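Read the structure below first, then the notes.
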Amino acid sequence: MRSKIALKSLVIGLFLAYSLWWLYILLAAGPEDSIRDYFSDSYGIVAGLGGFLGLIFAHKWDGWKSYVGKSLILFSLGLFFQFCGQLSYSIEYYIYGIENSYPSVGEVFFFSSIFFYIFGVWFVAKSAGTTISIKGVKKKLIAYVFPLLMIAFSYFMFINGTDFESYGLIANILTLAYPIGQAIYVSMAILTSYLAFNLVGGAMRRRVFFILFACIFQYAADSTFLYKTIQETWMPADISEYMFVVSYFLMSMAFIDFLAAYEFLQGRKK
């Protein structure tokens with residue numbers, strides 16, 4: 001119990017520290033101030049901490065032997081790869097002096113995290129008892145049409161009108177793949193929330209929807225970042241980057257909530 005409180009305090013404390021830092025930047029820092037770069041290059045620590053904790057908590061749920069354990073491992077790896085992606089760009093800039101190196105090694109980590117989230121959502125659905133039941137015309141329409149609508153939304157928001165001739169092959173592939181991959185995992189998260197609403201109960205209900213909400217919020221952060229980048233209004237430590245801080249925090253708190261669920265269920269067995 002004490003260790004759980006200590007870990008929760010650590011996650012909340014780190015989130016509050018970055019929140020206050022971002023608020024100071026918002027109110028007092030100029031567009032070119034270096035404090036923005038320091039924020040942008042370091043907030044991945046929140047993801048790194050969350051990923052580390054998630055892997056520890058997954059062990060409590062028997063790791064790869066259970067659906068919950070699998071989902072926690074995959075989401076944790078997704079967070080940890082987000083951290084590694086940011087770290088690789090920081091190393092290129094601060095150690096090798098390479099600026100604006102996109103696409104670079106960091107994209108291997110960032111893009112890989114999408115697959116971890118997709119399969120993480122899949123195993124959350126499994127743990128919720130939904131494989132997923134799509135009996136009935138209404139559920140079938142939602143299950144098949146909604147993901148297509150999300151992909152279409154991402155296409156028209158982030159891909160349509162892009163001047164692909166201005167970029168290299170890898171950059172063009174990522175321009176197509178990022179929005180589509182993110183649309184897939186968020187549509188799966190929303191679908192799982194809808195289809196599992198009446199199936200999940202007891203100690204697991206809040207935990208399942210909490211971690212799915214964290215996925216949806218990260219999609220909102222990714223979408224905001226992509227939109228501002230396309231509009232050429234992005235800058236270090238802007239609202240999109242703070243949204244990433246919030247999304248990493250939510251995912252970390254969801255992991256801690258699953259630890260609480262494990263302890264609750266173990267207590268009931270005694």
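Glycine is no exception: its Cβ is also placed from the backbone N, Cα and C atoms.
TrEMBL labels come from automatic prediction, so no person has curated them.
Some features that TrEMBL has for this protein:
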| type | residues | note |
| --- | --- | --- |
| TRANSMEM | 12-30 | transmembrane segment |
| TRANSMEM | 42-59 | transmembrane segment |
| TRANSMEM | 71-96 | transmembrane segment |
| TRANSMEM | 108-129 | transmembrane segment |
| TRANSMEM | 141-158 | transmembrane segment |
| TRANSMEM | 170-197 | transmembrane segment |
| TRANSMEM | 209-230 | transmembrane segment |
| TRANSMEM | 242-265 | transmembrane segment |
Same chain, outside the transmembrane segment (71-96) by at least 6, Cβ under 8 Å from its Cβ: which residues?
41-45, 47-48, 50-55, 57-58, 61, 63-64, 104-110, 112-114, 116-117, 119-124, 126-127, 211, 244, 248, 251-252, 254-255, 258
Report the listed stretch (12-30, 42-59, 141-158, 209-230) having the maximum count of Cβ pairs within less than 8 Å of the transmembrane segment (108-129).
209-230
Give residue numbers and ranges for long-range contacts of the transmembrane segment (170-197): same chain, 6 or more residues beyond its ends, CB-CB under 8 A.
102-103, 107, 111, 114-115, 117-118, 121-122, 124-125, 128-130, 132-134, 139, 142-143, 146-147, 149-151, 153-155, 157-159, 162, 164, 208-209, 212-213, 215-216, 219, 222-223, 226
Within the same chain, the residues 6 or more beyond the ends of the transmembrane segment (42-59) and with Cβ under 8 Å of it are 7, 10-11, 14-15, 18, 68-70, 72-73, 75-83, 85-87, 90, 241, 244-245, 248-249, 251-252, 255-256, 258-259, 262
When you scan the chain for residues with a C-beta under 8 Å from the transmembrane segment (141-158), skipping those not six or more beyond its ends, what do you find?
132, 134, 175, 178-180, 182-184, 186-188, 190-191, 194-195, 223, 226-227, 230
